[in-house]
Amino acid sequence: MPPKALNILIFSVIVYFMTGLKREVGPFFLFVVFTYVTTLTMTAWFRLLVGLVNTIELAFVIAGLSVLPLAIYGGYAIPRPSMHPWFKWISYISPIFYTVEALMAVEFHGREAPCQSLVLSGSGYEDVSVVNQACAVVGAKLGNSFVLGDDYIDIPFGYQYSHVWRNLGICFVFFVAFTFLYAFTIEFMKLDDATSNHMVFRKPTPSQSNDREKASEQTLELQPNQDVFCWKHVNYDIQIKGENRRLLQDVQGYVEPGKLTALMGASGAVSGNITVNGVPLSGDFTRRTGYCMQQDIHMEEMTVREALQFSAMLRQPEDTPASHKLAYVEKIISLLKVDEYADAPRKRTTIGLEFVARPSLLLFLDEPASGLDSQSAISIVQLLGDLSDAAQAILCTIHQPSSTLLAHFDRLLLLARGGVKREVLAYFEQYGAPPCPASSNPAEYFLEQVGAGASNRVTLDWPSIWNTSSERPTVSSKIQQLESGKSQHAEERQDLHSPFAVSWFGQYKLVQKRLFVQHWRSPSYIHGTLFVNIVGGLLIAFTFYKESAMIQGLQNRMFSVFCILVLCLTLTFLLQPRLLALCNVYDVREKHSNMYHWSVFLVANIVVELPFNFIISTLCFICWFFPVGWWRDMSSGAAYHTTFAQAIAIVSPNPETAAMVTILFYTFILAFRGVLQPLSQLVKFWHFAYYVSPFTWLVSTFMTAGTHGVAVRCAPAEVTTFQPPEGRTCDEYAGAFANATMAVINNPEATQNCEFCSISVADAYLSSLNMDYGDRWRNIGFLTVYIVFNVLIFTAGLYLHSYPISLKKFGFKKRTGGS
């Protein structure tokens, strides 16, 4: 609470004094108190909502929808007297209403505002007495050229200064009630009970099961790997406090096909002679290797089989028949032992994703046993052993394995500062190391000897011992033998020189299909967006149900458009976490595996939202159209908020930052679009914000298309009454003025109490807001430009984040993947 109080104080000082509110201690104090209490109350409300749900998507939906009625029925957007009776009760349970009433009452109490626009003023009416004029402002009294602040807020809004302290007490009651309910919720409600939602994948039909059994029973054998990966004279240098320090010097080693090799000790980027079959690395090296990172990052909406099929279809050569790729996947699934269940261990899935790519050279794993219990770690290493038995060369780093785990490896490469040592215990004992106790873990013993253990102390100069040992010539001879035997038959595969195995269009079809499947299997996202559009659309529609052709009715129609735009903000919050999760999968795993081009990711993510947003926006349109009476659809608006959300998300490091940036930009484009404050009343410095806001042109299109040519009839509270000079009718006295200002006199033949309506047709109201019916198609063109701009930002953000320009020189950091 203290940090929040400091934030509110800073906010209040900025807003209060920059907007020119009362320069009095009492009103400022009340402004700070009401703002602080309301902030605490709404925070308690959002906490209560979070306590009632168990998914972030549902929390966003309910929180976003709850803000909409609280804001609409706060008493300013729609004055309480003009509210429909079926939703009017919301204003009585909205804490925002009581805060708005109190702040308005404090600010306008005791004020006397001169009228800026008198009826019957200007050219031809210079000598008219104030007795025959009137102030065309609601709350003005006949014969006065000013408006009392208390009358201004009382007649249209029903706000009264006597309610200020009562409202403060009501706000405290709301805060205490929400806090108590939140405490009750987290104390007695079980969020992770048996009713939690879980995704259940449909079991295969008998025919599908038979087809898969036939596929796994086919004589499809794993391709024997005959290539040999070797390295010689490899050095590893790091920089510490500006000084270079060599950790590895003149390292040599090899990985044979059909052998499971463990790598222990220091690790990192190295330099030296690295060969494949005695030939230096070529452009096809990436396509011929598989890399399993330590983190297991997958799409939760996909089954293991679908994930493996996706990897196989994209990473095996395009000329390989699809049936062969799918049959190979079934074989790998059999080896992974995940035939019956789609929710197999994530580590097995990670290994399977690389193995179905059929790496012809090497499968490298980064600490595959990390984070697993002993039984799971052993099962993973046993799986690697089964894969190596199929003639696959496998090299994996491993950190402090148990003796049982270490026994499953065929070879051990132990890196020490300055060199490399081979297995086993006899080697260390032979050259002077103390014997390994029977109860000790051999892996820990190895690390302790070379200075990579817990003590970080080297027992002997093992690099020098290795250089003079009889084992080193044996290893060198083995490497030379392997290289000479393979180099004569080594040939570079030209079909592997392309970074990708499949053409761009082939990549797009597979990625697009996966995204559509992911959408279909995301019930929280689908239900959330449907709920927001249908319930939100109905709420807005029946809030502004059959708005009459009065001045307040026109304002209410414009606010209905404004509320639809606010509704889009909730949809933006639902989209961004999903997009960032997909970016994480692509950045961490799929990009480095050369599965598909970054532009495929871009196009597929844009296309997948188009039909879905068209459907949900149509549903919202139907719910909104008939009650309010609009006749233009809102598909352009839906396309804008989708591309806007994607553009913001791609340049944000995480969903939380994306949400904050979205709120900042959304507030900017909403506040300056002319609904809350017309352009004529906007500070001149901010006029540029009005013109750059896309919602300026969207709201203008809605309003002009829906209200053009509509005749306006003022409500009794909107009619301005004045007295004509004696002996003259209202039309004779004010007819010319009414025609010049597009106003109307309701009783033109009367000789007293002339009823003046400041607007005769909706176009006059639109003109005061800088809107014109003739600009509607131009405005649609502007909105299209904004959508294209968002797509370009999305494209540039994805490219700069993923390929190949380094952003470090600009001070940016790459987004890190999660597990």
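Glycine residues also receive a Cβ, built from the backbone N, Cα and C atoms like all the rest.
In TrEMBL, annotation is done automatically, which means it is predicted and not curated.
According to TrEMBL, the protein has these features:
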DOMAIN    233-442  domain 'ABC transporter'
TRANSMEM  6-21  transmembrane segment
TRANSMEM  28-46  transmembrane segment
TRANSMEM  58-78  transmembrane segment
TRANSMEM  164-184  transmembrane segment
TRANSMEM  524-545  transmembrane segment
TRANSMEM  557-575  transmembrane segment
TRANSMEM  596-627  transmembrane segment
TRANSMEM  658-676  transmembrane segment
TRANSMEM  688-706  transmembrane segment
TRANSMEM  780-800  transmembrane segment
Residue numbers, six or more beyond the limits of the transmembrane segment (596-627), whose CB comes under 8 Å of its CB atoms: 314, 500, 502, 504, 507-508, 510-512, 515-516, 519, 529-530, 533-534, 536-538, 540-542, 544-546, 560, 564, 567, 575, 579, 582, 586, 590, 633-635, 637-639, 642-643, 646, 791, 794-795, 798-799, 802-803
Cβ pairs under 8 Å between the transmembrane segment (58-78) and the transmembrane segment (557-575), at least three: yes
CB contact flag for the transmembrane segment (524-545) and the transmembrane segment (557-575), at least three pairs under 8 A: yes
For the transmembrane segment (164-184), distant same-chain residues with Cβ under 8 A (at least six beyond the ends): 30, 33-34, 37-38, 40-41, 44-45, 47-48, 51, 95, 98-99, 101-102, 105-106
Mean per-residue pLDDT computed across the domain 'ABC transporter' (233-442): 75
